[in-house]
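Visitor: Annotation comment: TrEMBL describes C:24-49, C:73-102, C:122-142, C:148-166, C:196-217, C:262-283 as transmembrane segment. Among the features that TrEMBL reports, domain 'ABC transmembrane type-1' is placed at C:77-279.
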Amino acid sequence: MKKYEKTIEIVLLISATVATLSVFLITFFIFKEGLPLLLDYGITNFVFGKDWAPTNGKYGAFPMIAGSVSVTVGALVIGVPAGIACAIFLAEIAPKSVVKFLKPAVELLAGIPSVVYGFFGLSVFVPMIRNYILPMVQKWNPNAYTSGYSILGGSMILAIMILPTIINISENSIRAVPIEYKQGSLALGASRFETIAKVILPAAKSGVVASVVLGMGRAVGETMAVILITGNMPKVPGNVLDSVATLTGTIAMEMGYATPTHQKALFAMGIVLFVFIMLLNMMATCTKRKLGGE
Amino acid sequence: MVNRTKIKVNSLNLFYGDFQALIDINMDIIENKVTALIGPSGCGKSTFLRTLNRMNDLIVNARIEGKVLLDELDIYSEKCDLIQLRKSVGMVFQKPNPFPKTVYENVAYGPRIHGIKEKSKLDEIVEKSLRGAALWDEVKDRLNRPALGLSGGQQQRLCIARCLAVEPDVLLMDEPTSALDPISTLKIEDLLEELKKNYTIVIVTHNMQQAGRVSDYTSFFLNGEIIETDLTDNIFSKPRDKRTEDYITGRFG
Amino acid sequence: MVEMGMSKIITTNKKMKINIKEKLWYFFIYLSALFTLIALLSIIGYILMNGAKHIHWEFFVKEPSSMGREGGIFSIIVGTLYLTLVSIVIATPIGVAGAIYLTEYAKENRLVRIIRFGTETLAGIPSIIFGLFGFVFFVVFLGFRWSILSGGLTLAMMILPTLLRATEESLKTVPQSYREGSLALGATKWQTIMKVVLPSSVSGILTGLILGIGRAVGETAAVMLTAGSSLGLPKSIMDPARTMSVHLYLLASEGLSKEKTFATATVLVIFVVIINCFANILANKYMKKTKVES
């Protein structure tokens with residue numbers, strides 16, 4: 001009997017480690033496939049090279065890195081203020097009845113597949129940018145041009161996609177602020193808004209920062225939405241109306257027809273993406289831990 | 001010296017939904033005196049305290065009848081500015097609740113939100129308030145350290161200093177020493193003696209010796225009603241009501 | 001003296017000015033909450049309004065023809081279900097067993113910390129990286145080719161953290177007294193878990209499962225690189241398949257047929273909404289239950 005129970009425990013333990021083993025396996029294989037080319041070609045050449053022409057053996061991934069970064073920054077500029085404001089609304093201002101339907105709405109927003117977002121952006125934002133925003137820009141810069149497939153469109157859709165991440169984590173950390181802080185501030189004659197801005201938000205800082213970092217991770221790692229909207233032009237962008245290719249988009253598009261060396265280059269790109277995301281996740285965990293300990 | 005009424009409470013009733021938490025409260029709170037509110041847990045004394053600076057506004061289904069006059073103005077009337085009211089009637093809570101900021105920032109918080117920006121003015125207020133709360137000498141070298149690093153007793157005096165910084169007339173204290181050790185408690189009691197020269201103080205306490213030591217007037221609450229209000233000496237030596245006597249001699253509660 | 005005291009708490013105009021600034025902030029906060037809601041409603045509404053009219057019974061039962069330009073999505077629905085089924089059949093036992101280990105057996109030690117960190121990390125890896133890994137490991141290295149098996153295994157890895165966490169959360173809410181009651185009757189630990197602990201956390205496990213299904217159905221990038229995009233009806237687990245998300249992507253990116261694209265998106269969105277409703281109902285039910293117990 002004792003032995004039987006012990007066996008079960010071991011089986012359970014093995015199951016528990018599967019996720020961790022998967023991480024090791026993923027890391028190992030991605031590096032195994034991509035690292036040789038990355039080292040051969042030179043990390044700096046790969047990361048800072050501006051020429052991506054796999055058929056000619058040129059693997060400069062800088063345009064994609066710039067593409068990913070610009071789309072992500074755009075998404076943060078739009079999504080972070082809106083997300084934090086919405087979290088404040090849910091945690092501090094909205095009556096219970098409103099929270100009751102807004103919360104499921106946020107959950108649903110998180111559940112919509114990214115390809116649906118991409119399709120929506122493709123059929124709404126892209127034509128909108130081409131037909132309405134471009135003429136406005138042309139009024140003061142007649143040389144402006146865009147096909148609609150652009151950083152702006154990608155950022156807009158990504159901003160919506162990262163909302164649930166930012167809202168949920170920020171809201172939880174705002175709710176976790178002890179009520180005593182709030183009472184202390186109100187008793188001093190601070191208004192509700194002053195209390196939120198000067199006491200509650202600073203006290204919830206760690207969670208809010210973590211939510212932004214995780215939202216950033218989601219934006220950088222997102223594939224299907226950006227692939228349909230940003231135009232996939234491997235060129236360093238000049239402004240927000242330019243088309244760009246992102247790391248994720250390039251991998252997904254080119255894997256299908258890549259030659260073996262080209263594939264290795266895509267894996268190398270995967271390494272860049274992987275390392276970046278891991279750094280972001282670690283940053284999120286650290287901010288939570290460091291500031292949470294106060 | 002004339003005893004002037006600072007706060008006058010006229011037939012105050014308070015309901016939480018269907019439950020009546022305060023029943024027909026009438027009371028005069030005298031300027032520059034310490035008034036203690038005593039009574040068993042759940043008798044309504046903390047609830048009453050919170051009606052005096054309208055902190056009960058935070059509770060969703062609380063409803064108020066009657067009047068609370070601060071310097072002859074009804075604080076529940078439309079003319080009263082809630083923010084100015086809370087500025088004039090400061091509150092110290094049961095558990096010390098400094099903000100997760102530095103000592104300096106805690107004290108400067110109130111003056112800042114009320115519009116004071118000059119650094120020199122703020123410095124002056126911070127020092128004056130901390131001196132007022134008998135904390136200056138202990139923290140003057142660590143004003144820029146986090147307030148949460150102070151001891152419990154120091155934190156509570158910091159909270160008092162934080163109140164003083166907005167120059168209130170009245171200080172409400174909700175069992176301010178219940179979370180503190182005896183030595184810190186004594187320090188705060190001594191402080192009350194000093195503070196009442198300039199402020200009107202209302203203190204809720206569970207500790208009858210404390211009420212006896214620090215207060216000039218005592219009010220005994222039971223089941224949402226005031227049973228008796230009198231000079232503290234009278235309450236403790238010759239209570240008029242049997243229930244007050246029972247409580248004070250420790251026969252219940 | 002009395003007059004001075006009175007004027008102190010009377011409403012003044014000076015305070016009104018500050019209120020305008022606050023009102024602007026409140027306006028921004030309300031606007032952000034509204035933005036979130038409108039984003040959701042417009043995405044769902046736009047797709048349903050354009051797609052609903054193209055959905056007929058035939059759309060579900062007909063095979064697609066000429067690259068999806070004509071016909072229905074029968075083989076795609078079959079492929080989606082097949083792939084989802086495979087992934088949850090693999091991931092559920094591992095996820096539940098792992099969660100049981102973490103809540104019922106594990107002591108706070110280094111191994112457990114590594115397991116938790118690994119699980120968290122796995123949850124943060126972007127789908128394109130899973131795709132790359134699935135491609136090089138299952139498709140090439142293990143020789144499963146582009147198949148439902150490769151895709152299912154990759155998806156299983158992706159939904160494992162969701163399942164594990166949801167199960168762990170619900171196991172934690174089972175009161176300690178239940179366990180003690182069973183153990184005191186002479187039941188072994190394993191009997192206690194199987195007969196008492198697991199049954200009282202079924203709704204939590206189901207919530208995790210449903211969220212996992214949602215993620216599996218919505219996933220595109222990883223599936224495309226591991227299960228292929230063949231339009232044929234899959235006959236065995238070793239056959240390639242195309243899921244609804246992949247189908248939507250290919251239709252959208254190649255601009256094959258607007259009608260079919262919207263119709264597919266509609267089916268996908270309706271599915272996701274239903275999944276979310278289920279998850280919400282279950283989560284509410286299980287919150288109510290734990291509230292009564294505590």
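Here the Cβ of each residue, glycine as well, is placed from N, Cα and C on the backbone.
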Visitor: Using a Cβ-Cβ cut-off of under 8 Å, list the residues of the same chain that are 6+ residues beyond the ends of the transmembrane segment (C:122-142) and lie near it.
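Guide: For the transmembrane segment (C:122-142), the far contacts come to 149-151, 153-154, 157-158, 160-162, 165, 219-226.
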Visitor: Count the CB pairs under 8 A between the transmembrane segment (C:73-102) and each of C:24-49, C:148-166, C:196-217, C:262-283, then give me the winner.
Guide: C:148-166
Visitor: Excluding the flanking five residues on each side, which residues at least 6 beyond the ends of the transmembrane segment (C:148-166) place their CB within less than 8 Å of a CB in that stretch?
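Guide: The answer is 79, 82-92, 94-96, 98-99, 102, 119-120, 122-123, 127, 130-131, 133-134, 138-139, 204-205, 207-209, 211-212, 215-216, 219, 222-223, 226-228, 234, 236-241, 243.
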Visitor: Can you tell me which parts of the same chain pack against the transmembrane segment (C:262-283), counting only residues 6+ beyond its ends and a CB-CB cutoff under 8 A?
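Guide: Distant contacts of the transmembrane segment (C:262-283): 44, 47-48, 50-52, 54-55, 59, 73, 76, 203, 206-207, 210-211, 213-214, 217-218, 244-245, 247-248, 251.
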